[in-house]
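Please read the structure below before turning to the comments.
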Amino acid sequence: MAKIIAFDEDARRGLERGLNILADTVKVTLGPGGCNVVLEKKWGAPTITNDGVSIAKEIELDDPYEKIGAELVKEVAKKTDDVAGDGTTTATVLAQALVKEGLRNVAAGADPISLKRGIEKAVEAVTAELVGNAKEVESKAQIAATASISAGDTTIGDIIAEAIDKVGKEGVVTVEESNTFGTELELTEGMRFDKGFLSQYFVTDQDRQEAVFEDAYILIANQKISSIKDLLPIVDKVIQANKQLLIIAEDVDGEALATLIVNKIRGIFKSVAVKAPGFGDRRKAMLQDIAILTGGQVISEEVGLKLENVTLDLLGKARKVVITKDETTIVEGAGDPDQIAGRVAQIRGEIDNSDSDYDREKLQERLAKLAGGVAVIKAGAATEVELKERKHRIEDAVRNAKAAVEEGIVAGGGVALIQAGKLAFEKLSLEGDEATGANIVKVAIEAPMKQIAINAGMEPGVVVARVRELPLGHGLNAATGEYVDMLIAGINDPVKVTRSALQNAASIAGLFLTTEAVVADKPEKAAPVAAEPGAGMDF
């Protein structure tokens with residue numbers, strides 16, 4: 001395909017136009033006075049959202065240079081969303097301000113490389129102050145405040161705080177669509193996986209259609225079990241111990257399954273068989289998780305263990321197991337806490353080293369099942385459009401709240417950036433174009449607060465000047481127009497979100513400023529539409 005090339009100022013200005021179109025669309029959503037953006041979909045109902053990354057993803061521009069500029073800023077929003085779960089609009093506004101100031105200085109003759117170095121040093125200094133000013137999240141109320149700001153709804157904030165309080169910071173909080181109105185919270189006790197009993201005959205509670213065993217043994221086998229001959233030795237030992245048995249295996253069928261069912265119906269021996277969760281290597285890993293949680297061993301010929309040689313000490317144990325037709329829950333496994341902690345640390349290391357979003361999500365689920373728990377927030381609404389928007393808002397707020405628990409919180413509303421900047425620039429000593437680069441950051445970090453003020457119908461310059469003189473942590477509550485202690489008023493942001501937004505915006509701004517040429521695909525001319533046969537003829 002033929003290419004078109006732009007150089008110097010033309011190249012940079014083309015990219016900036018694309019950035020501005022995208023940023024101007026996204027920034028109307030910032031702050032309590034921000035509005036929504038409607039996104040048309042080719043199929044189904046349109047989406048209404050105030051989430052920066054969702055809006056950015058939908059924007060496609062015709063001009064090839066503008067398109068590249070917009071794509072670069074999409075990357076800022078996406079990276080911030082991936083790392084922190086929120087702050088996408090703030091990151092976009094910061095990127096726009098940094099690029100605007102930076103290009104003005106490049107056009108005036110400043111050295112782009114020195115500007116980039118100055119920007120990087122200033123961002124590092126501001127980030128250090130932000131992290132230093134962060135306060136640990138100590139109460140459920142603080143989590144609720146953070147989530148409420150992200151979701152724009154105190155009820156959602158309270159539910160998320162309740163969920164995180166119950167499952168802990170390693171736990172998983174998922175959001176599902178509900179058929180009812182309102183928002184509900186469902187908590188899972190213990191480890192749960194999505195495989196149920198292999199036969200209805202295993203049910204012990206007919207009313208609830210569940211198999212419930214107290215103080216049960218658990219056989220964990222990474223193989224298919226078809227012959228009862230393999231199972232009999234361990235079944236006899238469990239019967240002698242007067243216990244019940246949960247069998248988790250690749251599959252249980254044929255003679256083995258039939259014999260277990262007959263013994264259950266006759267009241268000789270209570271057991272239940274379920275398929276192992278997952279596939280391939282993930283199944284092996286999950287079986288090992290279950291073994292460590294329950295203090296058992298995975299029975300597999302790979303490690304030299306045969307079913308007929310299994311003894312009771314190789315079985316896992318749990319205070320309670322509950323099995324339905326769709327899922328299995330293991331409550332209070334008898335595993336060694338040190339081994340569980342070691343497994344948790346191993347999975348956490350795998351999460352840090354994984355490049356795949358899907359793998360990270362699955363590892364996070366495994367981690368939660370071992371270390372915390374699982375909470376499901378069920379979101380309902382009157383229409384499909386409202387339901388999608390509400391679900392998305394809750395998902396963002398959950399990630400925001402988890403980021404707050406992870407690294408702490410700072411004053412919200414753009415206040416933390418301005419006040420961290422004030423402290424950082426007093427200590428920073430740079431010269432020449434590096435000092436100019438630092439000054440670009442000094443100007444740009446005011447942009448989020450200015451935009452919040454504009455969206456709330458206030459004068460941005462006056463607001464920023466006033467906040468700069470206030471004590472640390474005090475700023476504008478844009479919802480009421482009052483100047484307050486932001487943390488006491490419950491207006492806070494996770495420091496991870498604010499830090500990531502600034503760092504990612506600065507990274508893209510540096511690329512913009514040091515660009516000397518842009519190579520883009522030449523737009524193809526649309527093919528002429530063929531006339532319909534017989535058009536314009538009388539018959």
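Glycine is no exception: its Cβ is also placed from the backbone N, Cα and C atoms.
Among the features that Swiss-Prot reports, ATP binding site is placed at Thr29, Leu30, Gly31, Pro32, Asp86, Gly87, Thr88, Thr89, Thr90, Gly413, Asn477, Ala478, Ala479, Asp493. DSSP assigns Asp86 (ATP binding site) to coil in the three-state reduction, outside any helix or strand. Applying an 8 A CB threshold to same-chain residues 6+ apart, the list for Asp86 (ATP binding site) reads Thr80, Ser150, Asp396, Ala397, Arg399, Asn400, Ala403, Pro494, Val497.
Secondary structure at Ala479 (ATP binding site), taken from DSSP and collapsed to helix, strand or coil, is coil.
In sequence order, Leu30, Gly52, Thr80, Gly414, Pro448, Val497, Thr498, Ala501 are the residues near Thr90 (ATP binding site), counting only same-chain partners six or more apart with C-beta under 8 A. In sequence order, Cys35, Asn36, Val37, Thr49, Asn50, Asp51, Gly52, Ile55, Thr89 make up the list of same-chain residues 6 or more apart from Thr29 (ATP binding site) whose Cβ falls under 8 Å from its Cβ. Counting other C-beta atoms within 10 Å of each candidate's C-beta, the binding-site residues Thr88, Asn477 are led by Thr88. In sequence order, Gly413, Gln451, Ile452, Ala453, Asn455, Ala456, Ala478 make up the list of same-chain residues 6 or more apart from Gly31 (ATP binding site) whose Cβ falls under 8 Å from its Cβ. Of all the Cβ atoms in the protein chains shown, 14 others lie within 10 Å of the Cβ of Ala479 (ATP binding site).
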